[in-house]
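Student: Take a look at this one; I'll ask things after.
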């Protein structure tokens, strides 16, 4: 079966917005496209949609009537490699056991063991090999054959397991087999993600691996003006990565449509449901033809996610990597210190002194509230530490700048609320410090999962107070499973008598550092950095930076 030919030549165009997209101009199509006059929001075509101030309620089409009028599309592109075909049943079982794979569903394809066995066309395979990966991750070994086969599928795997490429690369193959977009068409691939940070990270992967196919994408999320996102959508994109709320906005004001979507991805489905996006997800999915291919990815498998899968996936196959029990990576050293709120500041300073001995260290410090986040940052900057803050009250351009400074190592300490717990993929994070414990054990696992990724080692330090006692039993269970040393002070919380279920039990956050003075900045960089006292002063905003050879502190 053909993977589809190369895409028509297009000129490159830089995206000047904040989404880092790669837009290559609109293209005429020499392939057949179905009639775009019927826009399932009430008969109005995309080009003649409602005015910017007019919203149209999204109503699910009558698919029994609509589906027979839609064109048939290809979605099974999997060609089993001869070496995979020769694997015996016992070899398949042993490989899955070694990689901690649990499989469910019927006619599940055999796993692949190398990139060459995946069956990707050369234009995809070459991009992968250029990245220098040694071999596929466990979720990719089983996920690629499942996704390429056109089946609805569920992948349950921890953050950092390589799941983005598990659906991104098959999505590129899927796009290249479909008719080209015509003016007014919506995307072919839709990826829903819970946060803008995760959405932007997904977009970077799509841009990188879709470049050779000239596949266009954009990222749609809240917190920034709609204008650039609308322009991107109106030019036409094959891949749309979106947070549910902003996508609903775009659909209701007629700036895009989902008629062409035949490949739907729900990434971090558990997180989207935790954040209350279930009504928006259902409203969005109801707008998409039911014979699409749907891929659901999740780090956990609670009953709410199971119900969503039951409602929207048809005869799915599933791969689970690791135990269904919540667990932390064994490459992370977990250190828990039982103390009082008033002891936190001194302990934080001591750990930073240790971490800063490695000039290449990157550290994330998690706080429970935006206020505490800013207070920690202000204190650290006053003491000469190169710290910046990121949380939901920061403007998007400031958040992007902070992440860029952190990634580059120019500001190796980032203080964050849980907005950064998922979706931020920064390589080389050595330390995670939970200044405040999170509200539930899932967030603890996701927080510390920022370090120890892709086989590297990392350290997670957590400050545990009496106010966190409802997390004690669950925390000890996580540490025992990962074979970590449990301090005697923590063992007394190893009882199920504190009233709250560990999933929902939350301790109160720390009290912060009081007011704190504004950070002093860290000198001006010769390359035109944000020098001086910083943009945002005591709130940990755009401070200047010291060059790496000057060390971390003043």
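Note that Cβ sites are derived from N, Cα and C of the backbone, with glycine treated the same way.
Keep in mind the model is a prediction, meaning the values are calculated, not measured.
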Student: Identify the motif 'DEAD box' range according to Swiss-Prot, selecting from 263-266, 267-270, 271-274.
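Tutor: Matching range for motif 'DEAD box': 267-270.
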Student: Quick check on the annotations: Swiss-Prot lists motif 'Q motif' for one of 84-112, 113-141, 142-170. Which range is it?
Tutor: 113-141
Student: With DSSP helix as H/G/I and strand as E/B, how many residues of the motif 'DEAD box' (267-270) fall in helix, strand and coil?
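Tutor: The breakdown for the motif 'DEAD box' (267-270) reads 2 helix, 0 strand, 2 coil.
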